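Visitor: Okay, so TrEMBL annotates it like this:
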- 12-45: transmembrane segment (TRANSMEM)
- 52-73: transmembrane segment (TRANSMEM)
- 79-99: transmembrane segment (TRANSMEM)
- 106-125: transmembrane segment (TRANSMEM)
- 145-163: transmembrane segment (TRANSMEM)
- 175-195: transmembrane segment (TRANSMEM)
- 201-221: transmembrane segment (TRANSMEM)
- 233-251: transmembrane segment (TRANSMEM)
Amino acid sequence: MSAFLPAALDPFSFAAIFAVVVVAAVIRAFTGFGFALLAIPVLVLILPPAQVIPFIFLLELVISITLLPRLWHEVDFRGLRWLLPGALLATPIGGYVLLIASAEALRLAIGLIVVAAALLMARGLRFRTRPGPLASFTTGTVSGTLNGAAGIPGPPVVLFYLATPAADSVSRATLIAYFTVTDIMGIGVAAWNGLFTWDTLLWALWLTPAMLIGSVLGQTAFSRVNPNLFRRIVLGVLLVTGLIGVAKALMDLL
């Protein structure tokens, strides 16, 4: 294949990957989360996790940069003050796991995490009061570990914010700000571990249009679609995606 195309992939698979990125970007722009949570379990069915996760970090950063400036005034900086240090400390640990774990084991772990997150979010977990510094730091630590190992820091921090009394717009803005920082952390750890290649940059380049298309559609949907309906659709898609990933990983391991 040409030096300017991602290596060793047929056109149908590339089209499928492009479509997955568009859909995941719509969800990310609408809710503030869900891009990696939806995209990675599907993409690792086509490509190895160690190849997928680095370019997902780059794509996540693209969409965060396009969304964050207009949402900056709604970010909960008090919560980020405790979440981010935990994530910063734990992301390198997760990065080491990505380096040594088998692709099959990572696929299984990613699928199980996605299924668990979807089920917990569907149950509507809520805190009666705002969580304190210890809960925030612990959430950031778990999120950072998942960020480095699987490229999906979302489940712990999304559950955390969905369960707090914060307004939806504040939760969305804060999640986008948080993921901007964790994406930068993930890029640094992946680069340190030698996981960034020419193909990583090519994937990010070719899929950036998909990210931008999805981002525009998601922003439009945020102002027009019933949030409760969209949330149920997203959770359903995540649950099905996670179950498919678990089934595929188990078949590969057996």
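Heads up, residue numbers simply count up from 1 along the chain you see.
Backbone N, Cα and C atoms are what each Cβ position is placed from, and that goes for glycine too.
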Visitor: Any chance you could find the range in 12-45, 145-163, 201-221 with the most Cβ pairs under 8 Å to the transmembrane segment (233-251)?
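Guide: Against the transmembrane segment (233-251), the leading stretch is 12-45.
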Visitor: What same-chain residues lie close to the transmembrane segment (12-45): Cβ under 8 Å, and 6 or more beyond its ends?
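Guide: For the transmembrane segment (12-45), the nonlocal Cβ contacts are 6, 52-53, 56, 59-60, 63, 67, 103, 106-107, 110-111, 114, 117, 150-155, 158, 171-176, 179, 206-207, 210-219, 221-222, 225, 230-231, 234, 237-238, 241-242, 244-245, 248.
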Visitor: Residue list, the transmembrane segment (79-99) vs rest of chain: Cβ under 8 Å, 6 or more residues beyond ends.
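Guide: That would be 49-50, 53, 106, 133, 136-150, 153, 157, 160-161, 164, 174, 177-178, 181-182, 185-186, 189-190, 192-193, 195.
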Visitor: Mind checking which residues of the chain, 6+ beyond the ends of the transmembrane segment (201-221), have their Cβ under 8 Å from one of its Cβ atoms?
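Guide: 4-6, 14, 17-19, 21-30, 51, 55, 58-59, 62-63, 66-67, 230.
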